[in-house]
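Colleague: So TrEMBL lists the following for this protein:
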TRANSMEM  21-44  transmembrane segment
DOMAIN    90-510  domain 'Major facilitator superfamily (MFS) profile'
TRANSMEM  144-164  transmembrane segment
TRANSMEM  171-191  transmembrane segment
TRANSMEM  197-218  transmembrane segment
TRANSMEM  230-251  transmembrane segment
TRANSMEM  257-276  transmembrane segment
TRANSMEM  340-362  transmembrane segment
TRANSMEM  368-389  transmembrane segment
TRANSMEM  396-415  transmembrane segment
TRANSMEM  421-444  transmembrane segment
TRANSMEM  456-476  transmembrane segment
TRANSMEM  482-505  transmembrane segment
Amino acid sequence: MTTFDDILEEAGTFGRCQKRIFALFCLVSMPWAGVYVGIVFQGFTPDHWCRDPAVVERRQTCGWSLTDARRLTVPQGNRSESSCERYEVDWNATALSCDSGELDLSRIPTTAACKDGWEYDYEGRQSFVTEFDLVCADGWLVDLFQASLNVGFLVGSITIGYLADRFGRKISFLMSNVMNAVTGIMVAMAPNYVALLVFRTLYGFGVKGGWVAGYVLITELVGVEYRRTVGILYQMFFSVGILILPLIAYFISDWRWLQVAITAPYFIFLSYYWFIPESPRWLLSQKQNAKAVKITQAMAKENKKTLSKNIETLTDDNAESRTASFLDLIRTPNMRKHTLILSFNWFTSAVVYQGLIMRLGILGGNVYIDFLISGLLEFPAAFLILFTIERIGRRIPFASANIMAGAACLITAMIPDSMFWFKTVVACIGRLGITMAFEMVVFVNTELYPTFVRNFGVSVCSTLCDVGGIVAPFLLYRLAVIWMELPLIIFGCLAFVAGGLVLLLPETRGMPLPNTIDDIEHPERRMEKAALRSQQQTNLLPTEHISNNKESATV
């Protein structure tokens, strides 16, 4: 019986066909960056204060600057509190000349009721925060905007994951992009905040599910030896999107048009209908052998390869005969340990990664440059992973990345603002560490579950990533009001715990993928099988060599 992996060896494990498809899918990762962290630019909260119509009128009459008008509106004291208060004074009954410095406001009572709205020091830029006045008592609604996206991620990744297994990778990918294109434009056209929240949730539903469907499809089209590299590089193009985002946001200052720019690529991805095939592995699992054979032959032709094996007897060597359930993930000790540790790492990676990026929007520096520099730090992460995982292993780099991120967050919180560049460098190291951890948890997760429950296990654990995404904005923005560095303390503690827990996981370098729960509960047996198989292959080579020599001598 000929397996798909046997045929793929002849058709090309990573030939011209797979490279073309891989390049197309890498483009899918780039706009996802804008969806995921676009809130830094779309939801930017500028300096703001209560609007006083009388002061606004006098400013226009006297030609005051915003600073002069603000002094007559914002009570002196703690800035975060005074920005949401105003002097309670009847300016019509107050004799006030155009010399704004002559009035003593120290004894004037204040009120927290900004009944006339707010003014913003936000020249040339428009965010949904300024349009819908999401400041002061309504500031938590900005957190909800980002949380709603992650609710969409959570529901969408599970739903589209099921649809991809039921109806195919290609159709699920294309349908998610239809939804992304439509809902993305709906977000840009939202008439009010409630509509914005609903459309944003629907937007998240399709974006992550489509990205995952693309990830699964490309890894199923390449040979086993290329899957890990392809998976890491696929994620790395998310970092390319991180670099492009601030450049686009710099030239498109209105949040609605920025949303259109982020959404536009999803219309282009609909053309992939003519450029990408369905996964032959999935077709085989659905007993659609004729279609799988046709696609495999087309791949071989594009790769300029010739198939010699009996392709008509093609089967799926990874077909699962057992249905996975959640109890399989927690019933036995090692499976339970893997599930809990991996779930916590998914949660921590999402909270820390998303939190560090969103923090750039509230630091008060040049958000474009800060975002660009931090994005550049993500590229070494992919190369460090590729360099270390086959030389050192998975566990030590994975744990070290988390611990490095945790230490950097804690140290950054303790560095005074006067040491700006040193603080920036340490913070960037934290960003590098959590990026490595985030990229590693994806494939480490797949190596710690047996075949029949692998896809389901990754889906269950990765839901904690979306839960982390829901928590992150509230954790960052609400705690930063108390103390700007308090979120970093929380991030650091989470990353330290995650790194320590990773050390409790087994090393998987050089180990065959587990096929049963017994392989997980008794790893020593799997090691013995792997060693025996390696020894048999080693012993076979000399025999074949001697046989070949005898045949040559006979000739």
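Placement of Cβ uses the backbone N, Cα and C atoms for every residue, glycine included.
Note that the structure is predicted; figures quoted are calculated from it, not measured.
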Colleague: Taking contact to mean 3 or more CB pairs closer than 8 A (sequence separation of 6 or more), are the transmembrane segment (396-415) and the transmembrane segment (197-218) in contact?
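Modeller: Output no: the transmembrane segment (396-415) is apart from the transmembrane segment (197-218).
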Colleague: Hey, would you say the transmembrane segment (340-362) packs against the transmembrane segment (171-191), going by three or more CB pairs under 8 A that are 6+ residues apart?
Modeller: no
Colleague: State, in range form, which of 21-44, 171-191, 456-476 has the highest count of Cβ pairs under 8 Å to the transmembrane segment (144-164).
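Modeller: When the Cβ pairs under 8 Å are tallied, 456-476 comes out ahead.
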Colleague: Can you find at least 3 Cβ pairs under 8 Å between the transmembrane segment (171-191) and the transmembrane segment (230-251), where each pair is 6 or more residues apart in sequence?
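Modeller: Judged by the Cβ rule, the two regions do not touch, with the required three close pairs absent.
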Colleague: With a cut-off of 8 Å between Cβ atoms, can you find at least three pairs linking the transmembrane segment (368-389) to the transmembrane segment (482-505)? Only pairs 6 or more residues apart in sequence count.
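Modeller: Output no: the transmembrane segment (368-389) is apart from the transmembrane segment (482-505).
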Colleague: Do the transmembrane segment (21-44) and the transmembrane segment (482-505) share at least 3 Cβ pairs closer than 8 Å, excluding pairs fewer than 6 residues apart in sequence?
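Modeller: When sequence-distant Cβ pairs are counted, the transmembrane segment (482-505) does not touch the transmembrane segment (21-44), since fewer than 3 lie under 8 Å.
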